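For reference, the structure discussed in these notes is given below.
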Amino acid sequence: MLPGLAAAAAAHRCSWSSLCRLRLRCRAAARVSSERQEWQNLMMFGNVSNMVPNSQPCFCTLSQVKLYSTNVQKEGQGSQTLRVEKVPSFDEAAENIGAELKAPLIKQEPLQVRVKAVLKKREYGPKYTQNNFITGVRAINEFCLKSSDLEQLRKIRRRSPHEDTESFTVYLRSDVEAKSLEVWGSPEALAREKKLRKEAEIEYRERLFRNQKILREYRDFLGNTKPRSRMTSVFFKGPGKVVMVAICINGLNCFFKFLAWIYTGSASMFSEAVHSLSDTCNQGLLAVGISKSVQTPDPTHPYGFSNMRYIASLISGVGIFMMGAGLSWYHGIMGLLNPQPMESLLWAYCILAGSLVSEGATLLVAVNELRRSARAKGISFYKYVMESRDPSTNVILLEDTAAVLGVIIAATCMGLTSITGNPLYDSLGSLGVGTLLGVVSAFLIYTNTEALLGRSIQPEQVQRLTELLENDPSVRAIHDVKATDLGLGKVRFKAEVDFDGRVVTRSYLEKQDFDQMLQEIQEVKTSEELETFMLKHGENIIDTLGAEVDRLEKELKKRNPEVRHVDLEIL
């Protein structure tokens with residue numbers, strides 16, 4: 001009976017131990033899962049306090065159960081020993097397993113969380129003028145201050161945008177605004193003062209205009225003894241001289257041709273008289289354009305008035321077409337429809353001969369001037385004329401060429417009329433002169449319109465300017481190059497420039513003390529100090545980039561005198 005009892009006890013102990021071990025494994029797995037979830041929350045939210053659990057897992061308490069087993073050993077023949085073993089309770093086993101699970105967690109190293117330093121974004125607003133600089137003139141005019149008020153403000157020396165000055169003094173706009181409020185007390189008082197000064201300025205201009213008018217009347221009465229100005233000196237050299245000679249000669253020819261037409265009634269002579277009249281009027285218009293083109297640029301016309309020569313030449317071409325060609329065609333057609341007998345043409349021949357000599361002399365003066373200008377530009381005479389580089393002289397050349405050919409056509413047709421007695425040849429001569437004037441006017445209108453539309457300079461010149469920029473070490477690439485002829489040998493150059501930031505930065509660093517800069521870097525410990533360091537040197541690098549732009553603009557103007565305006569845009 002004892003062996004059966006021992007076997008039953010052993011089976012009961014094994015089944016109960018298996019059940020306890022299974023339940024302990026399940027609860028241990030639940031505890032590990034709970035602690036793993038707490039560690040995930042810690043990593044996600046960075047809350048170190050979540051490392052310590054708030055509650056311990058709850059284990060069910062079982063009453064202690066003592067299990068007995070028998071171990072039959074032979075200690076002698078026919079004798080058996082019964083040994084009793086104590087099995088630990090469920091609570092004791094759970095406490096042992098919990099201690100083993102807690103041990104590695106407590107021994108782990110503390111968690112180190114790296115926090116990324118982020119510069120706080122600043123909201124500047126749509127109108128941010130805190131760091132704006134303004135000049136002393138603007139401070140006095142716009143904020144109604146005096147020069148003595150500016151002496152108390154912070155003065156900053158900045159790189160000048162003008163070629164004739166190296167640097168100039170500016171003031172912080174915020175300081176100027178604060179000073180204006182201190183002087184005037186309130187924005188309303190400042191606005192009232194601005195209004196009063198504006199009214200005073202308008203009144204001053206009106207008085208100045210009246211005084212200038214009285215001064216002109218006084219000079220006209222006593223005689224103007226003012227020295228010769230630049231505007232009148234342009235008519236004694238170059239295109240101005242050619243235009244004045246042409247006005248004098250064409251005016252005399254117009255007078256004598258009208259006399260010959262009145263005396264003979266010739267349609268060809270009428271066309272020549274009208275031709276000389278249109279030439280005289282057009283050349284007077286050219287003189288106005290030349291005098292206007294040399295005026296100094298003003299705020300309304302910052303690039304000057306050089307295009308006035310093209311405008312005057314364009315209007316001259318339209319005048320030749322309307323007055324010269326139109327009237328010549330009209331008179332020729334009327335002569336074909338209603339032929340009239342003509343008187344003696346002797347005086348007409350004499351006047352035409354004199355006109356041929358005078359027009360030829362004017363043509364020679366124009367040709368010499370154009371050849372000299374073409375030689376100075378380094379291009380051929382034909383190319384210089386076709387591109388209308390000098391519109392005023394170009395008009396004189398074409399008008400005098402048409403005048404010489406017109407005299408030849410008119411003399412030929414009048415000679416045929418004298419020989420045959422048929423007045424139709426004379427009318428055909430008038431139509432021929434009108435057609436010649438129409439061709440000249442069409443050429444003038446086309447060439448001057450092209451110039452006014454913004455014509456580019458020669459590709460060779462553009463290539464030379466581009467290579468000069470690309471060969472500079474601070475330039476990576478050149479894009480969107482535009483070189484426009486402004487007239488009178490003035491060129492405006494514009495390009496998008498891709499600067500090499502490393503070369504620009506190195507150019508800045510070459511002027512710095514490396515030991516001092518290294519010491520500043522070593523003193524940087526916080527994000528605020530790093531921001532101050534970067535802002536300081538970043539602003540200086542931008543100033544260095546501006547100085548590089550100025551250097552390239554000066555180099556372009558120095559090597560190419562025709563380039564007057566340079567616009568380099570940073571890409």
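Positions of Cβ are set from backbone N, Cα and C atoms, glycine also.
Heads up, TrEMBL stuff is auto-annotated, nobody curated it.
TrEMBL lists 242-263 (among others) with the feature transmembrane segment. Only residues 6 or more beyond the boundaries of the transmembrane segment (242-263), in the same chain, are considered here, and those with a CB under 8 A from a CB of the stretch are 235, 269-270, 272-273, 276-277, 279-280, 283-284, 286-287, 290, 343, 347-348, 351-352, 354-355, 358-359, 361-362, 365-366, 369, 392-393, 396, 399-400, 403.
The domain 'Cation efflux protein transmembrane' feature in TrEMBL is assigned to 243-453.
TrEMBL lists 310-333 (among others) with the feature transmembrane segment. Same-chain neighbours of the transmembrane segment (310-333): 267, 270-271, 274-275, 277-279, 281-283, 285-286, 288-290, 292, 388, 391-392, 394-395, 399, 427-431, 433-435, 437-438, 440-445, 448-449, 451-452, 487, counting only residues six or more beyond its ends whose CB sits under 8 Å from a CB of the stretch.
Same-chain residues lying 6 or more positions outside the transmembrane segment (345-367) and placing a CB less than 8 Å from one of its CB atoms are 241-242, 245-246, 249-250, 252-253, 256-257, 259-260, 263-264, 266, 269, 272, 276, 393, 396-397, 400-401, 403-404, 407-408, 410-411, 414, 417-418. According to TrEMBL, the transmembrane segment annotation covers 345-367 (among others).
Residues or ranges marked as transmembrane segment by TrEMBL: 402-421 (among others).
Summarising the annotation, TrEMBL assigns transmembrane segment to 427-446 (among others).
Taking Cβ pairs closer than 8 Å, the transmembrane segment (427-446) reaches residues 267-268, 270-272, 275, 278, 313-314, 316-321, 324-329, 331-333, 335-336, 339, 394-395, 398-399, 401-402, 405-406, 409-410, 412-414 in its own chain, all 6 or more past its ends.
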